[in-house]
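According to Swiss-Prot, the features are:
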type: ACT_SITE; residues: Thr6; note: active site
type: BINDING; residues: Ala162, Cys165, Thr168; note: Na(+) binding site
Amino acid sequence: MEIRGTTILAVRHKGHVALAGDGQVTLGQSVVMKHTAKKVRRMYKNQVIAGFAGTTADAFTLFERFDNYLEETNGNLVRAAVELAKEWRKDKYLRRLEAMLLVVDKDHTFVLSGTGDVIEPDDGIAAIGSGGLYAVAAARALVAHSELSAAEIARESMRITAEICVFTNLNLTLETL
């Protein structure tokens, strides 16, 4: 059976960035295996925040490789993301990994996809996982029509997403820079 289901959301707003992830792990289409998974973590001297969607073992492999590139590049998020993407595209083992990363620092937001793409959103809002599209839509609406902080927008967007997406819950991990 396929293990799936999560939402990871990044919101960059008013000079701050928030990265939120829910805690649900779902087996197949109908069984919730865990409610309190931690899919968001700080990296490289607390200057980078990363979240994952996809198979847990694959995500940890990517976290480890990404962390190594952050160390090699002295925390340069752009270079680390590009180097990981290059390796991801070239390595036969990595190409089979079923995971995505959403990474942020004080200046950049990137989605690192399983095909080796590095995507930086135009508006600083990005999401991955089963509820990603709902979370992005909610965050964009809140940015345009409220005075909330990045963290408040991320939290409220994840609440809205959890009401719509059965693979997302409200046990959030929220980190900010």
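From the backbone N, Cα and C atoms, a Cβ is placed for every residue, glycine too.
Looking at Cys165 (Na(+) binding site) and Thr6 (active site), their Cα atoms lie 9 Å from each other. In sequence order, Thr7, Asp22, Gln24, Ser130, Gly131, Tyr134, Met158, Thr161, Glu163, Ile164, Val166, Phe167, Asn169 are the residues of the same chain, not among Ala162, Cys165, Thr168, whose CB sits within 8 A of the CB centroid for the Na(+) site.
Separation of the C-alpha atoms of Thr6 (active site) and Thr168 (Na(+) binding site): 5 Å, rounded to the nearest whole number. DSSP assigns the residue listed as 'active site' to coil in the three-state reduction, outside any helix or strand. Cβ neighbour count for Thr6 (active site) (all protein chains, 10 Å cutoff from its Cβ): 28.
Every protein chain shown contributes to the tally, and the Cβ of Thr168 (Na(+) binding site) ends up with 30 other Cβ atoms within 10 Å.
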